[in-house]
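As given in TrEMBL:
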- 116-190: domain 'Potassium channel' (DOMAIN)
- 20-36: transmembrane segment (TRANSMEM)
- 48-66: transmembrane segment (TRANSMEM)
- 72-96: transmembrane segment (TRANSMEM)
- 108-130: transmembrane segment (TRANSMEM)
- 169-197: transmembrane segment (TRANSMEM)
Amino acid sequence: MESIFLFQPVNRFAVAKFDLIISILLVFFIIANFILFEKTKRLLSNSILVIVFAVIPFEFIFLSVFGHELSFIISLVLYILTIVHLIALIITFRFLGSKFVSFSKENGLGYGIIAITIIFIVGSILFFIFEGNSNPGVTVFEDSIWVSLVFITTTGYGDITPITIPGKIVSGVLMISGVSFATFATASLAGSIFVRLRKERISREKKMEEYNKKLVETSEKIKKNWLKLNK
């Protein structure tokens, strides 16, 4: 079994190479955080197993050792490890990217990113299931990924179009989700900018009030000292 969803071998190995590059960069990023930040050092120390699964490029290792013609058992093991690898990556990036996580919690953008990512993945899988045997333009899984990307960004490239009713429904959901996420993301970012500007304005006003208060107090002291001297 080469893949649960058919990929062209050259594209599958390209994905594996990309995963290898991400793993190498992640190792350097983890080392830098471990050296520079005490808080990150404690988090990393308590999450060794998660980090191990996050930095191992299973796809690249399996394809390098076994080639593209994988048996059913080896493919099943690879997919299970790949899922664990992706979950570990998400967890690792979550506590390493604490600033972004904090920012996304403030405006809910993180939930929108998670939702649109799930919709994109599920939509790609469903589109391949519904269109793979009927649509001549969908022969491998990356065709479905491409179509989902086109629909969810509402680009409308038009090189591949759905021909089955379920495929059209999936395409419609992807388009509506893409437009909704763009609106939600814009509103979230605009709201965050507004809140930040308001906080800065309040902070400036407080500083000005404190400055005026000190100025008044200083003036009163000078006045009292002047009156004492004139007596």
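Heads up, residue numbers simply count up from 1 along the chain you see.
Cβ atoms here come from the backbone N, Cα and C positions, even for glycine.
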Whole-number mean of pLDDT values that fall within the domain 'Potassium channel' (116-190): 87
Spatial neighbours of the transmembrane segment (169-197) far in sequence, C-beta under 8 Å, 6+ residues away: 103, 106-109, 112, 115-116, 119-120, 123, 126-127, 130, 147-148, 151-154, 162
Positions on the same chain near the transmembrane segment (108-130), where near means CB under 8 A and six or more residues out: 5, 100-101, 138, 141, 143-145, 147-149, 151-152, 162, 164, 166-167, 170-171, 173-174, 177-178, 181, 184-185, 188-189, 192
